[in-house]
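Undergrad: Mind looking over this structure? Questions follow.
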Amino acid sequence: PVDVLRVDGRHTDLEPTFDRVLVDAPCTGLGALRRRPEARWRRQPADVPTLTKLQRELLGAAIALTRPGGVVLYATCSPHLAETVGVVADALRRHPVSALDTRPLFEPLDRGADLGDGPHVQLWPHRHGTDAMFAAALRREAG
């Protein structure tokens, strides 16, 4: 069975028993400009620190809710390094996790385009025909 919960992931009374957790983090949305060009006028540079703080909190809470051996998938529709590899690097420093190679998850979608060197995946509109999406998979270690 699959249990799907929709809660503020930063504040739960749940136990760390989840096998898989998806963090579809709120972000600047800059990766979706091809579909929503007006979004460029709704964001300011000052939004990035506020969003990255929230993203780090959500990812940290997701890791805390994941059982040892479980996997957290962190995703954003942003290509901004502070919202992507920056948030993941912070999690790798501060939490008992290791990065998994995310590329195999995207191989069925790959239309001959390079998915990069890994372990994370950054999709691009001009290469993959998608929004500029980022994904990282992190395995929760014991401890």
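Cβ from N, Cα, C; glycine included.
The domain 'SAM-dependent MTase RsmB/NOP-type' annotation in TrEMBL covers 1-141. Per TrEMBL, the feature S-adenosyl-L-methionine binding site maps to ASP8, ASP24. Annotation source TrEMBL lists active site, nucleophile at CYS77.
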Undergrad: For ASP8, ASP24, listed as binding-site residues, tell me which one has the smallest number of other Cβ atoms within 10 Å.
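TA: Minimum Cβ neighbour count within 10 Å, taken over the binding-site residues ASP8, ASP24, occurs at ASP8.
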Undergrad: CYS77 (active site, nucleophile) to ASP8 (S-adenosyl-L-methionine binding site): how many Å between their Cα atoms?
TA: 19
Undergrad: I'd like the Cβ neighbour count for CYS77 (active site, nucleophile), meaning other Cβ atoms within 10 Å of its Cβ, all protein chains included.
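TA: Its Cβ has 24 other Cβ atoms within 10 Å.
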Undergrad: Under a three-state reduction of DSSP output, how is ASP24 (S-adenosyl-L-methionine binding site) classified: helix, strand, or coil?
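TA: Looking at the DSSP assignment, ASP24 (S-adenosyl-L-methionine binding site) belongs to a strand.
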Undergrad: Using DSSP, how many residues in the domain 'SAM-dependent MTase RsmB/NOP-type' (1-141) fall into helix, strand and coil?
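TA: Across the domain 'SAM-dependent MTase RsmB/NOP-type' (1-141), DSSP assigns the residues as follows: 48 helix, 31 strand, 62 coil.
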